[in-house]
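**Student:** The structure under discussion is supplied below as structure tokens; questions concerning it will follow.
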Amino acid sequence: VLSPADKTNVKTAWNAVGGQAGEHGAEALERMFLSFPTTKTYFPHFDLSHGSGQVKAHGKKVADALTNAVSHLDDMPGALSALSDLHAHKLRVDPVNFKLLSHCLLVTLASHHPAEFTPAVHASLDKFFAAVSTVLTSKYR
């Protein structure tokens, strides 16, 4: 559960990302594919090379979903319901992959925004990504 301080930290950190969210999403996906090669199996139709238009487009989708979640911190299950259905029923993504992407997102954000990435912000973003992952895997049961 995100505390009021966590919510403030998440909103502040995401605002710092600003118009770079799509680029950061794509970079996090690239990190995930390189660090955890088994995640590539969910994207057999993608060109997974560095700078790929398909990875950039999917990175923007990831970033847009996270922006939506940040805008609905008090109702993430409602805001992400359709995305949860998609990943659980159609795409059948193994839930562990959300943790892997969350880690790669944290690394990407820390590398681009070191001044804003304090220990408190790191902890709040980690809790936020865990909450998003929980929502996205809630329809698996």
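Each Cβ is built from the backbone N, Cα and C atoms, and glycine gets one as well.
The model shown is predicted, which means the values in this text are computed figures rather than measured ones.
Feature table excerpt (Swiss-Prot):
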BINDING   H58  O2 binding site
BINDING   H87  heme b binding site
DOMAIN    1-141  domain 'Globin'
MOD_RES   S3  phosphoserine
MOD_RES   T8  phosphothreonine
MOD_RES   K11  N6-succinyllysine
MOD_RES   S35  phosphoserine
MOD_RES   K40  N6-succinyllysine
MOD_RES   S49  phosphoserine
MOD_RES   S102  phosphoserine
MOD_RES   T108  phosphothreonine
MOD_RES   S124  phosphoserine
MOD_RES   T134  phosphothreonine
MOD_RES   T137  phosphothreonine
MOD_RES   S138  phosphoserine
**Student:** Measure the Cβ-based neighbour count of S49 (phosphoserine), defined as the other Cβ atoms within 10 Å of its Cβ.
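**Tutor:** Excluding its own Cβ, the number within 10 Å is 10.
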**Student:** Measure from the Cα of the residue listed as 'heme b binding site' to the Cα of every one of the recorded positions K11, S35, H58, T137, then give the nearest.
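**Tutor:** Going through K11, S35, H58, T137 one by one, the closest to the residue listed as 'heme b binding site' is T137.
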**Student:** When you measure from the Cβ of the residue listed as 'heme b binding site', how many other Cβ atoms are you left with inside 10 Å?
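**Tutor:** Result for the residue listed as 'heme b binding site': 21 other Cβ atoms within 10 Å.
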**Student:** About how far apart, in whole Å, are the alpha carbons (Cα) of S35 (phosphoserine) and H58 (O2 binding site)?
**Tutor:** 18
**Student:** Rounded to an integer, what is the Cα-Cα distance in Å between S3 (phosphoserine) and T134 (phosphothreonine)?
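**Tutor:** Counting only the Cα atoms, the answer is 17 Å.
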